[in-house]
Amino acid sequence: MQTFLKGKRVGYWLSEKKVKKLNFQAFAELCRKRGIEVVQLNLSRPIEEQGPLDVIIHKLTDVILEADQNDSQSLELVHRFQEYIDAHPETIVLDPLPAIRTLLDRSKSYELIRKIEAYMKDDRICSPPFMELTSLCGEDTMRLLEQNGLAFPFICKTRVAHGTNSHEMAIVFNQEGLNAIQPPCVVQNFINHNAVLYKVFVVGESYTVVQRPSLKNFSAGTSDRESIFFNSHNVSKPESSSVLTELDKIEGVFERPSDEVIRELSRALRQALGVSLFGIDIIINNQTGQHAVIDVNAFPGYEGVSEFFTDLLNHIATVLQGQSTGGAATEEVAPLRHNRLLAEPAGSLAGERTCSASPGCCGSMKGQDTPWKTETEAGNMGAGASAKLPHQRLGCTTGVSPSFQQHCVASLATKASSQ
């Protein structure tokens, strides 16, 4: 056991539903065996009275959204939380509130992905064009859609990327279908992907890929089909069985995602936002074989990730060690780590595949300024079954040093306070 962990204190705030779903008490017990004290925070009391805290783990998404709706109680809770963070910059926060705000807004997170992909210049990645609709569709809507590279069919999602309503989506096949769209929302080109979704669950330097069912293929271009309204959570459940996921036939390219691409995307998001606990939804374009990021989620459910608690504890140990040694520990490149796969049917897509290194990937970002600066920074500068794929460790841990996380809080604070 690492002796530097003895006496460390980890505070957490999660909804009761999240605590039960994750069985978070088991994580608390795992921490105690390593000499770490785990404290369940009560935000109705001053956090100062519950400290000192070396690490805070939270999912304040509901509270943040309610605060943005000017709910007085939620505003007070967020203020109290941020006040403690500001007073204790040495406390590691998983994850910074400004980063969570970005991930709660699909329009902002899609724009961030677009900038990351433009910088990576990796031909294996090409996420779909998107556009935010802020008002009811009018005469100029089709022109704006075309200007932004959108074509039928496209998928319509709520702008807010959290909560029950965030899973309510629609596939629109023609101009008549636009009448049913309720703004504010984000529209995104629908990419045929042979009804397979890959959910990437990231925990610090580690990630696990879980295969889920997804929407079947649809013909490109305008058609006379009526819009399809669906709940993405229900469609992509491991045991989901729906006419929307029943693939008529496999078309074009059908392969699993590249570990290298996932590693680089995960690393780039960590560097851009300073986040450690997030999920990435990836599909493979069945015409080009390219990876498309269709959503990014803050602190997902980690269903199917058997090593979640171990990964989380290891990540906490890494960032605490980096803090105690002045960041030296985080400069080492962690080796890839594979977990044993879950039982899978023969011919499953979960077989390992090694990809050649691409010099154009953002593995060369270390020491460079990233171009996907936030608005504030720019201003200051001027199928059917669930299958688990290999569990990896990201090849770089520099993106989550405590100093970097505090930089993210500072650089995004102005933007967050204005939302």
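Just so it is clear, glycine is given a Cβ too, placed from its N, Cα and C backbone atoms.
Swiss-Prot has this to say about the protein:
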type	residues	note
BINDING	K18, H167, K199, N297	1D-myo-inositol 1,3,4-trisphosphate binding site
BINDING	R106, K157, 188-199, S214, S232, S236	ATP binding site
BINDING	D281, D295	Mg(2+) 1 binding site
BINDING	D295, N297	Mg(2+) 2 binding site
DOMAIN	117-334	domain 'ATP-grasp'
MOD_RES	K388	N6-acetyllysine
MOD_RES	S401	phosphoserine
MOD_RES	K415	N6-acetyllysine
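Candidate binding-site residues: H167, K199, D281, D295, N297. Nearest to S232 (ATP binding site) by Cα distance: H167. Within 10 Å of the Cβ of D281 (Mg(2+) 1 binding site) there are 19 other Cβ atoms, across all protein chains. Of all Cβ atoms in the protein chains displayed, 22 besides its own lie within 10 Å of the Cβ of N297 (1D-myo-inositol 1,3,4-trisphosphate binding site). Our reading of the 1D-myo-inositol 1,3,4-trisphosphate binding annotation (K18, H167, K199, N297) yields a largest Cα to Cα distance of 19 angstrom. In the three-state DSSP reading, S232 (ATP binding site) counts as helix.
Residues near N189 (ATP binding site) in space but far in sequence (CB under 8 A, at least 6 apart, same chain), listed by position: P128, P129, F130, G149, L150, A151, F154, I155.
When Cα-Cα distances from Y198 (ATP binding site) are compared across the binding-site residues K18, H167, D281, D295, the shortest belongs to D281. The candidate set comprises the binding-site residues K18, H167, K199. Of these, K199 has the most other Cβ atoms within 10 Å.
Counting only same-chain residues six or more apart in sequence, the Cβ atoms lying under 8 angstroms from the Cβ of R106 (ATP binding site) belong to K157, T158, R159, V160, A161, V186, D295.
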